[in-house]
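Going by Swiss-Prot, these are the annotated features:
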- Glu31, Arg33, Arg39, Glu379: FAD binding site (BINDING)
Amino acid sequence: MGRIGILGAGLAGLAAATKLAEAGENVTVFEARNRPGGRVWSETLDTPKGSYVIERGAEFVLDGYTSMRRLLSQFGLSLVDTGMSYYVREPGDTTGITCDDIIRTGREALELASGSGLQGTAEELLAKLPDEPELVDALRARIEISTAVSASEVTARSLQHIASFEPKPSWRVAGGNQRLPDAMAAALGSAVRYGETVRAVENISDGGVLVTTDTDTSVFDTVVVALPLAVIRDSQLNLPTTEARDAALKHVLQGHAAKLHLPLETQPATSAVMSVEGRYWTWTATDESGAVAPVLNAFMGSPSAITRANLKQRPAEWVAKARALRTDLAIPQDAAALTTVWSEDQLAGGAYAAHAPGVTAAGTALLEKPVGDVFWAGEYSEPEFVGLMEGAIRSGERAAGRVMQRLETKSGNSDSERSKA
């Protein structure tokens, strides 16, 4: 049995820990927060109609989330159809531009890119479109909101994921997405140590890893670093690395996003409306009761949008703009807004990751290649589901598989040395 340290109890870390624990390995999970889940964070919002679950972090479960669905089934959890589509958003602050127009332009962009293999940035692709500037900007807004980075930085490949433009269904976990990490952590029991901030990680010359936290120092056979991108880039942590890994990390972009939740006086219909100017979208969705929750949800993406909104100093302005955008909804004048700005979360340093041009399968593999006995997991390293809950889970499970292979190799070497003796 190996002794394995897992740094971070987000979905990546918990996925790795779960797979290793099921294989009989001895795992210890260090989590700086007082809860599991990381950027998966469910809470309740009081409304005139009662209290309703909201997602302050990761929200939508989409097509292709096979690993997440398997874990949900394993832990007896279910999904709820939101009744609206993550992919289709009606522009609410443009004149003469409809969702159908954006869909058509997005498909034109993908056709233009088909011969080039989606090389370059999304902005370079947008510059080739013959459409009116206002329509191109609406598509640009769609890209920047969803990737949470600038179109001038993110790879044009991002359009393949966000610009499906088909009204595919979207789901959430019944009772809140937080229920999955809660269940996974509960199954691990005392192996999860909360309030433990990692300060240093060091490979030991003759094998093993030294991990220093606020409270003690521990030695492990292997360690899985499942921390957010901004945290692993923190020079103060001084994680083991290589030149190849550092080069690969340069192609990973830190996304910045914020969420807003407002109570509603009446029960609305499902909806999805985007602000092109503000780089945010709003939605109302069905919950586990089968009815539409009286909550307006909003998500703002990209560093420039967050900076312009100045949410820390002027949070009420976003509320006012959302109210002006959604005149179809009954938002109380004294509505108690709940704003979450992930850039201000010191344990996250931002929302999720996106990829810059030049990212390859080999490059993302480098992000997960172990450095000594230190292994890596996180949504930022996932080639297909970057930035998503599914990507975090897949990455964590891959890390667990690599750790088990390493432990088998070490065990085989030890047996061989004993036989020679």
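Glycine too: its Cβ is placed from the backbone N, Cα and C atoms.
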Through the lens of DSSP with three states only, how would you label Glu31 (FAD binding site)?
strand
Please report the number of other Cβ atoms within 10 Å of the Cβ of Arg39 (FAD binding site).
22
Can you tell me whether DSSP puts Glu379 (FAD binding site) in helix, strand or coil?
helix
Tell me the Cβ neighbour count for Arg33 (FAD binding site), meaning other Cβ atoms within 10 Å of its Cβ, over all protein chains shown.
18
Which chain-mates of Glu31 (FAD binding site) that are at least 6 residues away have a CB under 8 A from its CB, listed by sequence?
Gly8, Ala9, Gly13, Val192, Arg193, Tyr194, Gly195, Glu196
Using only the residues recorded as binding FAD (Glu31, Arg33, Arg39, Glu379), report the maximum Cα-Cα distance in Å, whole number please.
19
